[in-house]
Protein chains: 2
Amino acid sequence: MDLLFLGTSSGIPTRARNVSGLALLENSGKGWYLIDCGEATQHQLLRTPLTLHGLRAICITHVHGDHCYGLPGLLASAGMARRQEPLDIIAPEGIEDWLRATFAMSRTGLPFELRFHAAESLGQWRTPQVRVEVAALSHRVPSYGYSFTEARPDPKLAIDRLERDNIPRGPLWGQLARGFDVEHEGRRLRSEMYLDFGRRPRRIVIGGDNDRPELLADTCRAAQVLVHEATYTQPAATAARDQFGHSTAAQVAAFAENVGLPNLVLTHFSARYQAKADGGFSIEDVRAEASAAYRGRLFLAQDFMRLHLDKDGELRPVTA
Amino acid sequence: MDLLFLGTSSGIPTRARNVSGLALLENSGKGWYLIDCGEATQHQLLRTPLTLHGLRAICITHVHGDHCYGLPGLLASAGMARRQEPLDIIAPEGIEDWLRATFAMSRTGLPFELRFHAAESLGQWRTPQVRVEVAALSHRVPSYGYSFTEARPDPKLAIDRLERDNIPRGPLWGQLARGFDVEHEGRRLRSEMYLDFGRRPRRIVIGGDNDRPELLADTCRAAQVLVHEATYTQPAATAARDQFGHSTAAQVAAFAENVGLPNLVLTHFSARYQAKADGGFSIEDVRAEASAAYRGRLFLAQDFMRLHLDKDGELRPVTA
């Protein structure tokens, strides 16, 4: 599983960072998931190997424009690229009506189906590759985090159980091995009943805008990676006397340390934090503040940064 | 008056060209007008000297997404930059409702007023610098062209008329000279009655998507520049058996030649026309086709190309 950051700026784009967008890539093949879709996410994709045909689902964390204004253009471009596969969109209520109103206004017809799932009542959503679950966060508007859990880590057929249940060796075993449920002599055989998994599943948690990281404590159990906003440093938040519903680097780092997360990726930085100190602010302030409270592996996201989570739960940069 | 191209691709962005956006700069100062606002127009602006504080008005040619999906993000960013000056938006009906629905969905409040003017019934709209008029075009949806005419080219006070009407020399003359109407002894004195203009006003016509350039014949009278889409070349349009409401380079060039336009700028190219021939198509095909039918000064727009129209009506590239 890989993460490829498409936008890491909070609120407004800068020359170096676009507004929010993050791709999560399946372990094999070209399938990927998009978490948030700020304006010009489709433009960022043009500079990656990802295609709109490989996109399996879009998850939107909340309705603020810097997290969703790129949806209409990205979907329209997928249509112009003649995508036909239905596309699942998991998003807060309000997004569906707005997208439909937008396409009505602009007279845009898509050649593929949009399947909406309200984040408010999702429970879980799954493909053969991943299981997606949602967690409610705290922000100025309803905001959600999404966890992506590998569905079938190194599956092996449980021969003993297959033989015990008199399931004949052959094509049926193959179906079950590939994750498909099958019918046999009037019984429905569930694939997962006849598979053993070789290791812990990989699990990545991606937060939306949120001023209470501790709301992700349950979701982060058994996760190897948390991607979370750190819009401000503590001194900046204190000076503003208002965090506007956001977290500081110190706050997220302390949470990650408390729950023993091995890998933490911070993102969604206020535009004041530049690569080089500008007016007293530098992105290195964010790193220093987080490092002081967190002993795991810390990453500060940049646009086009790609990170690979290996089977042992280690997260490392991929160079292009 | 300058033109600064922000997006010159038709339908979808490419790595070299964004979707439609064009800035027209006032002769002096930092004021400018935006014609069309495809997605990521605000991102393109980050690479120009233009600011959202200097923006005087936005004109939208039609409702297709590649001409307006950048509006919500650009306006939200103007708000975050604390713009307070009201902003005029001249656009087809439908845009206003959609923008208001978008801001309601994303809980976006702007600190400045939006003043909408329906293109369908505009007549004209003016500032002390320019007069904007609208012309109906032919496309799959209602589409409009906009002409920008210099309001006060090299103004000089008409002393003879001021003295004839017994208007006392002093502050009143100054007001009239700067283009302001004034009250005097119960009479309303209109600035333009007491000004002589030193030369023909500059006039630039900017078309929207359109498959009948000849609809701009009246609007192009007394204009020095036409900016018009040339989405396809003639062979491509013939092969597709449908121009989808667009013009070919040959068609626009023949029109410009017929009405004797001294300067023609083509834009809004299909993504198939690349800088270098790719699959048999090249942007040079567009140039060759237009050159064959037009003897004036021909430009093929590129993103960030800047052109200056001087007082003598000559259009030339500005290098940064």
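Cβ from N, Cα, C; glycine included.
Record features (TrEMBL):
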- B:His62, B:His64, B:His139, B:Asp209: Zn(2+) 1 binding site (BINDING)
- B:Asp66, B:His67, B:Asp209, B:His268: Zn(2+) 2 binding site (BINDING)
- B:Asp66: active site, proton acceptor (ACT_SITE)
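Location within the structure of each feature annotated in TrEMBL.
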residue	record	Cβ contacts under 8 Å, 6 or more apart
B:His62	Zn(2+) 1 binding site	B:Pro92, B:His139, B:Val141, B:Pro142, B:Ser143, B:Tyr144, B:Gly208, B:Asp209
B:His64	Zn(2+) 1 binding site	B:Val141, B:Asp209
B:Asp66	Zn(2+) 2 binding site	B:Ser9, B:Ser10, B:Gly11, B:Ile12, B:Val19, B:Ser20, B:Gly38, B:Glu39
B:His67	Zn(2+) 2 binding site	B:Val19, B:Ser20, B:Asp36, B:Cys37, B:Gly38, B:Ile60, B:Thr61, B:Gly208, B:Asp209
B:His268	Zn(2+) 2 binding site	B:Thr8, B:Ser9, B:Ser10, B:Ser20, B:Asp209, B:Glu229, B:Ala230, B:Thr231, B:His246
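Checking the binding-site residues B:His62, B:His139, B:Asp209 against chain A with a Cβ-Cβ cut-off of under 8 Å leaves no residue at all. All protein chains shown were included, and the count of other CB atoms within 10 Å of the CB of B:Asp209 (Zn(2+) 1 binding site) stands at 29. Surrounding the centroid of the Cβ atoms of B:Asp66, B:His67, B:Asp209, B:His268, where the record places Zn(2+) 2, the chain contributes additional residues within 8 Å, namely B:Ser10, B:Gly11, B:Val19, B:Ser20, B:Asp36, B:Gly38, B:Thr61, B:His62, B:His64, B:Gly208, B:Glu229. Classification of B:His67 (Zn(2+) 2 binding site) by DSSP places it within a helix. Within 10 Å of the C-beta of B:His139 (Zn(2+) 1 binding site) we count 22 further C-beta atoms, all protein chains included. Same-chain residues that are not part of B:His62, B:His64, B:His139, B:Asp209 yet have a Cβ within 8 Å of the Cβ center of the Zn(2+) 1 site turn out to be B:Thr61, B:Val63, B:His67, B:Leu137, B:Arg140, B:Val141, B:Ser143, B:Gly208, B:Asn210, B:Gly245.
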